[in-house]
Amino acid sequence: MIQSISPAEDEQQANRTYLVGSFTTEERSSAEASLQEMERLCKTAGLLVVGRELVRLRAPKPALYLGTGQADRIIASADDEEARIIVFDQPLTPVQMRNWSRRAQREIYDRHAVILEIFARRARTREAQLQVELARAEYAQSHLAGMWQHLSRQGGGSRLARGEGEKQIEMDRRQLKKRVLTARRALDKVGRQRALRRERREGVRRVALVGYTNAGKSTLLNALANARVRSADQLFATLDPVTRRLTAGPDQSVLLTDTVGFIRNLPPELINAFHSTLEEALEADLLLLVVDAADPEAPLQIKTTQDILQKLGAHLLPRIIVLNKVDTCPDMEQAELLLQPFLNRDDEVLQVSALTGRGIETLRTRILPPAPDAEAEAQPDPVVLDPHQ
Ligand SMILES: Nc1nc2c(ncn2[C@@H]2O[C@H](COP(=O)(O)OP(=O)(O)OP(=O)(O)O)[C@@H](O)[C@H]2O)c(=O)[nH]1
Ligand SMILES: [Mg+2]
C-alpha cells in the first residue's frame, strides 16, 4: 500500500539533520556545550536534528576537516538516521564544504551558514533585511571562490567542460557583486537617515546593553525602563537596536539601547554587515555587559562579547558587568569566582534578576545621571522612541 505523505511530513523528512562537532586540544565539555548550542541554532533555523556526534581529532585536515575514515563513518550514521543534511559546528572552508557535499551527496551547512539562515528568518525591518542580504551575498562570494579553486585544480575533465564551469562561476560572481553593491547602497541611504535621527538625540546620556544572545538584555531593558520590547527564550530574538528613554526627573534621563546578541563563531560577514548599526548603538557613555550568571559557560559569554566589542572598537568604553538571572543561579559566589579571570580589575559587578526585579533599582540609580535634587525619587517613564520611524 502506498502511504500518502503530507507536505508537513515531507518538509520534516527534508529537514532531517545529522549534527557533527569536533575538538582537538580543548576540553571535551566545552566542545559538548558548543554542540548543544549548535543544536539550538539548528532548531531555530528550522532543522530537525535526528542524530549528533562529537569527534576527537589531532588536527583539522585541509580536505574534509576530519579524516576520511571519520568522514565515511559519519556519512554511514547519517544514512542510518535518514538525514538529508549534515551540519558542522565549526566553520568549514569553501573547499571542505564542497568536498563534503560531493562525498556525502547531501546538503552541507556549517555554523556560519546556519546563523545566516536564522538572521534571514528573523530580519523584520528594512535595515536588518538589507544587512542580512549583504552578509549572505558576501558569504556566497567567498564560497564561490572555493568552487573556483576546486575547478582549477581539477586536472582531468575536458577543457571545454572546465571552460563552461568557469563561465558559470563568472556569471554567479558578477551577479553576487551586483547584489553586494545594491545592498551596500541601500544600507548607506538608511544609515544617513539614522544619522539624522541621532542628531536629534544629542546631549542625552546614552547607555547600551550588550552581551551574549539569550543573556536577558531585552528583559533587562524592559525592567529598567518599564518598556515592552520583545524578549523570548530564543537565540537572536533581537536583531535591531531598540532605544527607550528612562527618566527619573526633569534633568535626569538616559537613553537605553538594546542590541543584537553575540555568539561564539559569529560569521565575520554578519559583523561587517551590522557594523554601522552596532557602531552607532555603541557610541554610548556606558555599556552594560549583560551575562547569564546561571550559565556554566558565562566566562565564554564575557570573552566572546569582549572580542566582538574589540573588533567594533568599543572595548575601552566605561562598563558595568551585569550578572543577570541570579534567581536561577544556585551558587553566585562560585559563579563570580569563575568570571574573575575575564574581568578588568576596576570592573564594577552588579547582580540582578531582570525577571524578579532584584537589583534593578540599584542598577537604575547607577546608570542615571546624578539627581539635581538628591531627594527626588527615581520614577521610570516609558517614553517610546522608535528608531525606525
Ligand atoms: N530566570 C530568569 N530568566 C530571565 C531573566 N532575564 C531574562 N530571562 C529569560 O531569558 C530569556 C532570554 O531573554 P531575552 O531578554 O530575550 O534575552 P536577550 O539577551 O535579549 O537575547 P537576544 O535578543 O536573543 O540576544 C527569556 O526567556 C527571558 O524570560 C532573569 O533574570 N531570570
Ligand atoms: Mg533581545
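Any Cβ shown, glycine's included, is placed from N, Cα and C.
Summarising the annotation, TrEMBL assigns domain 'Hflx-type G' to 205-375. If you look up TrEMBL, you'll see 211-218, 236-240, 258-261, 324-327, 353-355 marked as GTP binding site. Taken from TrEMBL, the feature Mg(2+) binding site applies to SER218, THR238.
Features as recorded by TrEMBL, highlighted on the structure.
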| residue | record | DSSP class |
| --- | --- | --- |
| GLY211 | GTP binding site | strand |
| LYS217 | GTP binding site | helix |
| ALA237 | GTP binding site | coil |
| VAL260 | GTP binding site | coil |
| LYS325 | GTP binding site | coil |
| SER353 | GTP binding site | coil |
Remark   = Close in space but at least six residues away in sequence, with Cβ under 8 Å from that of SER353 (GTP binding site), the same-chain residues are ASN324, LYS325, VAL326, ASP327, GLY359, ILE360
Request  = Could you tell me the mean pLDDT over the domain 'Hflx-type G' (205-375), as a whole number?
outcome  = 92
Task = Quick one: of the binding-site residues ASN214, LYS217, SER218, ALA237, THR238, SER353, flag those whose CB is under 6 Å from ligand 2, and say none if nothing qualifies.
result = LYS217, SER218, ALA237, THR238
Query = In Å, rounded, how far does the Cα of SER218 (Mg(2+) binding site) sit from the Cα of ALA237 (GTP binding site)?
reply = 9
Remark   = By a 10 Å Cβ neighbour count, the lowest-scoring of the binding-site residues ALA237, VAL260 is ALA237
Query = Whose Cβ, among the binding-site residues LYS217, LYS325, has more other Cβ atoms within 10 Å than any of the rest?
reply = LYS217
In sequence order, the binding-site residues (GLY211, ASN214, LYS217, VAL260) whose C-alpha falls within 10 A of THR238 (Mg(2+) binding site) = ASN214, LYS217, VAL260
